[in-house]
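A.B. asks: Quick one: the structure is below, and I'll ask about it shortly.
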Amino acid sequence: VLVESLLVFTVVLAVHAVVWDRFSWCAVALAIQAFYVQFKWDRLLQLGGAVFQFRGAANSGLLPASMVIPLLGVVMKERCRAAGIVYFERFGVVVASTGMLLALFLSVLAVGITKPVPTNTCILTGIAGSVIIYTMKHSLTVSEVIEVLEVLLIFVYLSMILLYLLPRCFTPGEALLVLGGVSFVLNQLIKRSLNVVEGRGDPIDFFLLVAVVGVVLLGLFFTVLFIFMDSGTWISSMFFHMMTAVLGLGVIMPWLYRLIQRNPLFWLLQFLCQTQTRLYLLGYWTFLAASACGVVFYQNAKRSSESKKHQASTITRKYFHFIVVATYVPGLIYDRQLLYVAAVLCLAVFIFLEYIRYFRIKPFGQTLRHLLSLFLDERDSGPLILTHIYLLLGMSLPVWLFPRSCAPKGTLPGAGALVPYSGVLAVGVGDTIASVFGSTMGEIKWPGTKKTFEGTMTAIFAQIIAVALILIFDSSVNLNSSYAWILASVSLVSLLEAYTTQIDNLLLPLYLQIMFMA
């Protein structure tokens with residue numbers, strides 16, 4: 001935990017040194033108080049005194065999770081200020097303020113339920129909170145303050161509902177990241193739906209917002225519904241499919257139509273078939289999806305012939321990382337907008353299939369339970385299987401969060417040009433190579449972990465080679481001699497992979513993106 005915290009502090013100080021404004025000072029204050037409060041959360045988890053049931057075999061992860069959204073907002077604000085885009089500079093300020101307020105809320109919650117009351121931590125949290133609120137008071141307009149408070153309110157209600165319904169699925173830090181992100185997306189969708197201006201806004205941005213909110217609302221609806229009826233019967237399954245169609249065609253489609261001012265299905269079909277390159281990419285991705293399904297069926301056939309207790313090895317699970325890298329790299333080079341939309345569709349399909357598995361919806365629910373149980377690891381301790389969704393999110397978030405409006409030529413200068421590749425480098429290359437080489441050749445373990453020195457060094461070397469290949473094949477990338485910063489960023493994130501107990505598929509790409517954008 002101490003080494004993980006040291007690495008996060010290094011990232012915070014690096015961003016602070018580059019940006020050096022009131023919000024970067026607030027990020028430093030937030031990091032210091034989150035470091036102390038993290039130990040209170042860890043103690044609550046060990047003693048079973050936390051309000052909800054969180055994922056075991058991991059620390060709270062409050063510090064690394066608390067800094068992601070504020071740092072993303074700070075570096076986005078700085079990039080858009082340099083590009084002269086005032087609207088998105090203010091958007092970065094709102095993102096940073098929202099992240100800080102959500103992190104403070106979790107800190108106050110931990111301090112409030114810790115007995116006896118930790119006086120020193122209370123004082124530290126009060127000082128950090130005062131600094132952040134004072135800065136927000138003098139930096140945000142009234143409408144921006146209301147927006148931040150709306151996200152906080154949505155986060156509180158979502159947390160109360162989902163953490164109760166889904167025990168042992170998240171650590172406090174993961175809950176902050178996932179539910180905080182969903183809360184922000186929901187608030188953005190509500191705000192944009194109430195202020196629709198014809199012809200304003202990119203349809204693919206609206207597509208992401210509606211898809212995320214739609215699948216979350218769908219899950220909440222069926223979770224409440226199946227409390228009162230058995231989800232495993234044919235009648236319940238037929239009702240599930242019928243209501244999915246009703247909600248999709250009767251709520252989500254009209255909502256999307258209102259935002260993009262055209263038929264969503266016709267728009268999507270036209271978008272996918274717009275160029276020959278897109279058709280080639282779609283055919284290639286279909287082949288890779290079939291290959292991934294083939295791996296699942298082959299491994300399950302192998303389990304049936306060998307042993308019922310057979311579990312997929314680490315190397316076998318990393319096959320999917322290689323497939324995802326092969327999926328994303330051509331999309332990033334040839335058509336990022338298509339990759340953006342395809343990733344949104346894939347996320348919606350993954351979550352929908354997880355609903356079918358979780359609720360045991362006929363005819364595929366039980367089959368999915370049997371097929372996916374082979375690939376479970378210690379992080380899937382709750383009722384949901386989320387690791388494959390986290391993998392998709394880790395690869396897609398740098399693409400979705402890339403500030404396109406603040407990059408007039410479609411790319412940022414220097415190391416910022418690698419921002420869309422953050423997921424590929426951190427998870428697809430770094431994490432995969434570290435796991436494969438660490439589990440097969442590693443002998444020297446990092447103190448206090450199961451990760452090996454050889455795995456981490458090989459991961460850093462592999463990511464440097466990957467950056468060189470990106471320079472060769474992607475002509476839009478121009479690093480402007482920022483090689484030392486790239487090496488330091490890759491090394492920091494690789495060390496964080498060795499020491500964190502959080503979901504690395506989600507955390508590592510976001511930290512690498514923050515470093516590249518800084």
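Heads up, the Cβ atoms here are built off N, Cα and C, so glycines get one too.
According to TrEMBL, the record shows the following:
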TRANSMEM  7-36  transmembrane segment
TRANSMEM  87-111  transmembrane segment
TRANSMEM  117-136  transmembrane segment
TRANSMEM  148-166  transmembrane segment
TRANSMEM  239-257  transmembrane segment
TRANSMEM  277-298  transmembrane segment
TRANSMEM  319-334  transmembrane segment
TRANSMEM  340-360  transmembrane segment
TRANSMEM  381-401  transmembrane segment
TRANSMEM  421-441  transmembrane segment
TRANSMEM  453-473  transmembrane segment
TRANSMEM  485-512  transmembrane segment
A.B. asks: Using Cβ atoms and a strict cutoff of less than 8 Å, what residues sit near the transmembrane segment (319-334) while being 6 or more residues removed from its termini?
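C.D. replies: Non-local partners: 277, 281, 284-285, 288, 291-292, 295, 342, 388, 391-392, 395, 399, 420-421, 423-424, 427-429, 431-432, 473-474.
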A.B. asks: Which residues, given as numbers and ranges, are at least 6 beyond the ends of the transmembrane segment (381-401) yet have a Cβ under 8 Å from it?
C.D. replies: 55-57, 72, 166-170, 208, 320-321, 324, 328, 332, 336, 339-340, 343-344, 346-347, 350-351, 354, 357-358, 372, 375, 419-424, 426-428, 503, 505-506, 508-510, 512-513
A.B. asks: Go through the chain and flag residues at least 6 beyond the ends of the transmembrane segment (239-257) whose CB is under 8 A from any CB in it; none is fine as an answer.
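C.D. replies: Those are 193, 206-207, 210, 214, 217-218, 221-222, 225, 231, 263-265, 352, 359, 361, in sequence order.
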A.B. asks: For the transmembrane segment (7-36), which partner among 277-298, 340-360, 453-473, 485-512 gives the most CB pairs under 8 Å?
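C.D. replies: So the stretch in question is 485-512.
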A.B. asks: Under 8 Å between C-beta atoms and at least six residues away from its ends: which parts of the chain pack against the transmembrane segment (485-512)?
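C.D. replies: For the transmembrane segment (485-512), the nonlocal Cβ contacts are 3-4, 7-8, 10-11, 14, 57-59, 61, 64-65, 68, 72, 171, 173-174, 177-178, 379, 386-387, 390-391, 393-395, 397-398, 414-415, 418, 422-423, 425-427, 430-431, 434, 446, 448-449, 451, 455-456, 459-460, 463-464, 467, 479.
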A.B. asks: Report, as numbers and ranges, which residues of the same chain sit near the transmembrane segment (340-360): CB under 8 Å and 6 or more residues beyond its ends.
C.D. replies: 204, 207-208, 211-212, 214-215, 218-219, 222, 226, 231-232, 236, 240, 244, 268, 271-272, 282, 285, 331, 366, 368-369, 372, 383-386, 388-389, 392-393, 395-396, 399-400
